[in-house]
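Feature annotations, courtesy of Swiss-Prot:
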- Leu175, Pro176, Thr177, Gly178, Leu179, Gly180, Lys181, Thr182: ATP binding site (BINDING)
- 24-38: compositional bias 'Polar residues' (COMPBIAS)
- 59-68: compositional bias 'Polar residues' (COMPBIAS)
- 71-88: compositional bias 'Low complexity' (COMPBIAS)
- 89-104: compositional bias 'Polar residues' (COMPBIAS)
- 701-714: compositional bias 'Basic residues' (COMPBIAS)
- 895-907: compositional bias 'Polar residues' (COMPBIAS)
- 920-936: compositional bias 'Acidic residues' (COMPBIAS)
- 941-959: compositional bias 'Basic residues' (COMPBIAS)
- 985-996: compositional bias 'Acidic residues' (COMPBIAS)
- 1001-1030: compositional bias 'Polar residues' (COMPBIAS)
- 162-330: domain 'Helicase ATP-binding' (DOMAIN)
- 24-132: region 'Disordered' (REGION)
- 690-717: region 'Disordered' (REGION)
- 830-1168: region 'Disordered' (REGION)
- 278-281: motif 'DEAH box' (MOTIF)
Amino acid sequence: MDDDDFDDIPDEDLMLAFTQATGNITSHHPSNSKQLASSAKPPAQAWPISDSARRIVTPTVSQGQATATGRAKTASKPTTSATTSRPSLAQSSQRKNLRQTTLWGGTLEEDAQPAPQAVSNRPFRADMPPEQPTHHEIDIEEMKTWVYPMNLGPIRDYQFSIVKNGLFNNTLVALPTGLGKTFIAATIMLNYIRWTKTAKAVFVAPTKPLASQQVQACLSIAGIPRSQATLLTGETPPVLREDEWATKRLFFMTPQTLMNDLSKGYADPKSIVLLVIDEAHRATGDYAYVKVVEFLRRFSKSFRILALTATPGSSLEGVQDVIDNLGISHVEIRTEESIDIRQYVHSRDINTITFDPSDEMMEVRDLFSKALKPLVTKLSSQNIYYGRDPMSLTTYGLMKARNDWMAGPGRHVNQGTKFSVIATFAILQSLAHSIKLLNFHGIKPFYNNLAEFRTTEEEKGGKGSKLKRQVLEDENFQKMMDMIEGWMKIDGFLGHPKLEYLCETLVNHFMDAGEGSNTRAIVFSEYRDSAEEIVRILNKQPLIKATVFVGQADSKRSEGMKQKQQIETIEKFKNGAHNVLVATSIGEEGLDIGQVDLIVCYDASASPIRMLQRMGRTGRKRAGNIVLLLMKGKEEDKFNEAKDNYATMQRMICEGSRFTFRHDLSSRIVPRDIRPEVEKKVVEIPLENSQNPELPEPKRSAARMRTKPAKKKFNMPDGVETGFIKASFFGQAGAKTAKPPARPPAPKETDFIAERPKLESILLSTSQENELRRNYTKIPLGHSKVEELDIDWYRHPTSRRVVQKTIHVKHGEYTKRCVKLFRSLAKSQAPANRYTKPYGETDTSSWELIPLPPLADETEGETSRKGQKKRPRLESGQEAEEAEQYAAPKKRQATAKTKSTGVSKQTNKPRARHTALISDCEEGGNEYDGNVDDDEQSRPRNFRSKGRGRGSGRGKKSQPKQGDPNVDYGDDCTRTSDMEMGTDGSDDGADLEDFIVSDGEVTSSLQHRPRGSTSPTTAPDAGSSSLSSKTGRKQQAPDSFASDEDDGDVFGPKFVPVTASAAKGSLPSTARREKPKPFYVPVELPATQDTTDGDDDLPDIEFLSAKRKREGTGTGMRTGSPGHVKVGDTSKGGSGGDQTREKPSGGAASHARARKRTVVMDSDDDQE
């Protein structure tokens, strides 16, 4: 029967196929010509038939008709009645008399004959809408077969049947523990991964230990490559989970993790084709299983569900909830008495042991009952709680009584009475748990619970509940606690008769097994306190190595076990490090712990599910023993009730008449024209599955170092309109936003494919090959290898500090910042190393040893910047360093000075001594100002200084503003004596006779003027004309400027000097022989009316000269008449030519009277 073609066909499909086959024979009988005529016409409506019935009906139809039927859409194309309709033996007379009429009684179609209809016991097939094809990308060739692995030995009939139905239906599999539910799941996952190209299969389990256990089983049975599988938990970072969903196809995880990944968009619900649910009896209420399936159905209906459990439920309603929530359409259930699994179930010897309370327990119960009697009497006297015995209190009974009273009489009592009753119920509910611990688990857990109750109340002081203090201060309660404390000090005190029997049972079991045996035992306890007490007692016994196995939650007296610790504990138990495992409810479900020969249930549970799960831990591979330790009375009754309930539920599920299955939610994934055939073979296990024993958990690597996951993805069902619409469209039928015009398709690379050129046009000619060989492929003579030249990044450093000229595009903000930065870095270097080349060559000119002339007076060397002090006298070692800082004035200062004078003079050729200084001045002249454009810098500016008002004393000096061009002006006078003019080299002061004092002279200089001097009201024109005639230069118009790009302009914009040949006079012979001065162009400016109105005091030249001599600042000397000033500089050695500068003191001096003197240092040696 295993290989029979029709062994998997339900009985109702067989009956339907027989009916259709008989109908076809009757319809073709020659005696019924009318039916023959009607059967030749196409039917008005096509009816789908089941797959099982189609396999039987097909032989009665021609091969062409069968092929057309298999590929046609149901209810979409009319076909022959033999293949798509359901004819019956006799047509219904009622159906023949029906005809469609109009509203006025006329017949719509007189000649139309109704299509033959068949009477079916399955009306849902006719009511179902047309099936939609799956959206998953399938592999047609692989789908023609489905693989049944033969790796585990002979085929088990029940496993083969369940796998066959689970591939095509949403199936609930209920098998006793240890009968291969994992093998069934692995086989179905293997086939769906084969059938689809990119779809994913997900295995969900309630806990991580269960999920981890299924990973190894599926990889070793089904042969799915380990590289395509992954284990995801809540501890996995979201970034790694997102990457795993994009690359893997088989997932093992908890339902909570799957729900989070679906809701956050890491997992695509449309990509899941198979969902395997372990411990499916949990799929009730708001559990994560229910939420996951609901979420998937919102976006996709083309996925298969396989639910695995040992006990579907404890009631009819619970089983129906599982069927509805998971969309189950088929149930495969087996019991231990089923024929096809009986040979695979090992015998289990169940021993039930009942106990009576010990004397110590009776004494404790009596004292505790007296302590609780006042509270119970208070409730019973008001007809709120009808129990009289305090030791029969239960948490559920008290909660139900309180809710009934609050819904009834409690609504009409005053608030004081209501609060008092609620407080009494709360205290009794907390103490009812202690009563349960005393009756079923022992005195020690009972004492620990009450000690915690007492400690919590004592910590509150006098602010706690009065009713709790009443219980704690009761004489019977205190006596009971003192008595228990005395018992616990006794060595070997057990506290419950179950503990004594448990120790004896386990010791006898290991003694009978013999030393070195591989036998193990599991003890199940409901509460953690009781489990820890059992471990403490068992470890004192010989041959017993016990350990506890609890959940992850922390209690008030102990910590939970992390998932890693749980897995390690199970591995140690399998390896033999521990031979007794004391577990709570976490060890009841699904754990394949290994060869367990003895199960001890320390307490009984009223739930048949938990009872069967506990018993299923043994008897998997060999016969096992089960010992039930029950207390007489209530606990024994609960066990019997659970046992009867389990047998009743198994019988009802097998019948199937009490449940409604959801065929509408079990969509077809395999196309109807494809009929997969079984292929029984040994599946090859990839080598990678056995090489790495670790779990396939994702690990963070260097290539996956993203710290943030991608943005949340919002999944939308098919056909949903997304985006925004106008507010005016609301309420309008079919209102949609206007679609933008379609863009032309982007050009493809193939559109620009050029024609293939001729071979001669792309190959090198003979001459080109010789040139290639001579110039590029051959090494030059005398070279052993090809030279590689490195770019010298230190060449031309000064070009980086200047903003070069542009034509069409201006320099950007970043370019100007970089230039300014390089200029600042250049200024920060030491002067001694500034001109040293980086490649080892140094300047041998010894320019540092050239002596510098003495500096100007401190009163004239005030700097213009805010906060800077006067320039001090420098030593010889510092002269070279400070020379450059004072040798290059600002560009705008030079511009303002040039504009104020209005005349430029021709300078001599610069000396070789100042070559380095000039390069720095060029850099300073183009210094970038962030607030001024290049164009604005090139324009001349007319700055006018404001003098101080007259007053009796020296007024407070105003602070200079940033960027003000007048900040370098002096206090009382304007000196232009630094203009370099041709002199005869003498030092008698005759070259300063043209320093004419005009009307702009202030009172500070008049007090030192001789009485016979020229009047200060001299006309400005005369002064300027005389100055021009004596200097022998023409006055230049103010608007005749030189170009900014002139190499000689080291201080910015300047006037075009007039050549010597055009001057009225001629320079002295000494000046003609000298080279032009290197860094300054003297200018002249005629006096104006504005410059004669100055009111600042100008100190006398003789007074300043005498002061300088007293201070010893230099050997310089100032002599001459009040109208002229002569400045002489002497060298250190006393030799060398003197420089004399002559400057008018008329209108030009008054206009720039607030300007400081610009210090220009020069060498005393004028000779080449």
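Here the Cβ of each residue, glycine as well, is placed from N, Cα and C on the backbone.
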Lys181 (ATP binding site), number of other Cβ atoms within 10 Å: 23
Residue distribution over DSSP helix, strand and coil in the motif 'DEAH box' (278-281): 2 helix, 1 strand, 1 coil
Those residues of the chain, 6+ apart, with a Cβ under 8 Å from that of Leu179 (ATP binding site): Tyr158, Arg334, Ile341, Tyr344, Val345
For Thr182 (ATP binding site), the number of other Cβ atoms found within 10 Å of its own Cβ: 21
Pro176 (ATP binding site), number of other Cβ atoms within 10 Å: 21
Collapsed DSSP category at Thr182 (ATP binding site): helix
Average pLDDT across the motif 'DEAH box' (278-281), rounded to a whole number: 89
Number of Cβ atoms other than its own within 10 Å, given for Gly178 (ATP binding site): 18
List of residues, in chain order, with Cβ under 8 A from that of Gly180 (ATP binding site) and at least 6 apart: Arg156, Gln159
